[in-house]
Each structure stands twice: as C-alpha cells, then as structure tokens.
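Visitor: Got a structure for you, written out below as structure tokens; questions coming shortly.
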Amino acid sequence: MGVQPPNFSWVLPGRLAGLALPRLPAHYQFLLDQGVRHLVSLTERGPPHSDSCPGLTLHRMRIPDFCPPSPEQIDQFVKIVDEANARGEAVGVHCALGFGRTGTMLACYLVKERALAAGDAIAEIRRLRPGSIETYEQEKAVFQFYQRTK
C-alpha cells in the first residue's frame, strides 16, 4: 500500500507532479498507484530506496540546492515529460523539499506546455505549490527558458 510522499501535488493532473524527496518504499508505491512511471530526481544524491520499485524509471539530474537547472537540464526534463506523456505515462519530479529546483522545472514545463510567459508560469506554480521557486537565479532560469522558446 502506498503512502503519499511529502509535498506531493499534480501540476498537470495525471501527467506531471511535484514532490519532496521520497524516503520510504511506500512513497514509490504511491507514485506507481497514481500512474507515475518516471521520477526525475534533482538532488545531488539519489533518493533512498529508489530501487524498491522496479516499475518506476529514475532519471537523475544533479542540481545543487538553491541553484537553477542548466538550459541543458531543462531541455532534458521537458523531453522526458513529453516522451512519457506521449506514452500515457505520468512523471514526478522532486528535489529535497519540492519547492526550489522542483518548482523551477515545473514552471519551465508550463512555459512550454501552456505557452505561458515566464512570470505567469511562476505565478501558477506558486499558486499550486506555495513556496516554489526560491531564488532569483531560479526565477531567472524560467525567464531565460521562455526567451529561448518563444
């Protein structure tokens, strides 16, 4: 039986969710129960017990805490989500607490998916997940992604 991971919420229901670092095997089972088949880990160290759930594919992108993802990491994240969603599979993304790095990636995906301006995507992620996108550099990464993709 799955147990909801800390700070779990859908940003695009059934397609893309954010969460804090999963720490228990039951957290991974919850993700599987929700249809999540891909977990993007943005922490420098891998999530504990991630090998406890063979039905979940782990994608590692090491980003230091309070830092923004690189343009290449953002592009890789968008590709993972697009490819998984095209197969009907949902994606979860996490950092330590599910706010800074996670929120940044989620906002970038909204820029691409909903054709939102960077400020609107940041505002929407903060509405859905209060406290998200913690630093100026993380905000700047969303604006730079918007500039690259418009």
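One-based numbering along the chain as shown.
Placement of Cβ uses the backbone N, Cα and C atoms for every residue, glycine included.
This is the feature table in Swiss-Prot:
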type     : residues : note
ACT_SITE : C95      : active site, phosphocysteine intermediate
DOMAIN   : 7-150    : domain 'Tyrosine-protein phosphatase'
Visitor: Please give the average pLDDT for the domain 'Tyrosine-protein phosphatase' (7-150) in this predicted model.
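Guide: When the pLDDT values over the domain 'Tyrosine-protein phosphatase' (7-150) are averaged, the result is 97.
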Visitor: Counting only residues 6+ apart in the same chain, whose Cβ is under 8 Å from the Cβ of the residue listed as 'active site, phosphocysteine intermediate'?
Guide: A20, L21, L42, T43, I63, D65, R101, T102
Visitor: Taking DSSP as the reference, which of helix, strand or coil describes C95 (active site, phosphocysteine intermediate)?
Guide: coil
Visitor: Looking only at the domain 'Tyrosine-protein phosphatase' (7-150), what are its DSSP counts of helix, strand and coil residues?
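Guide: Taking the domain 'Tyrosine-protein phosphatase' (7-150) as a whole: 68 helix, 23 strand, 53 coil.
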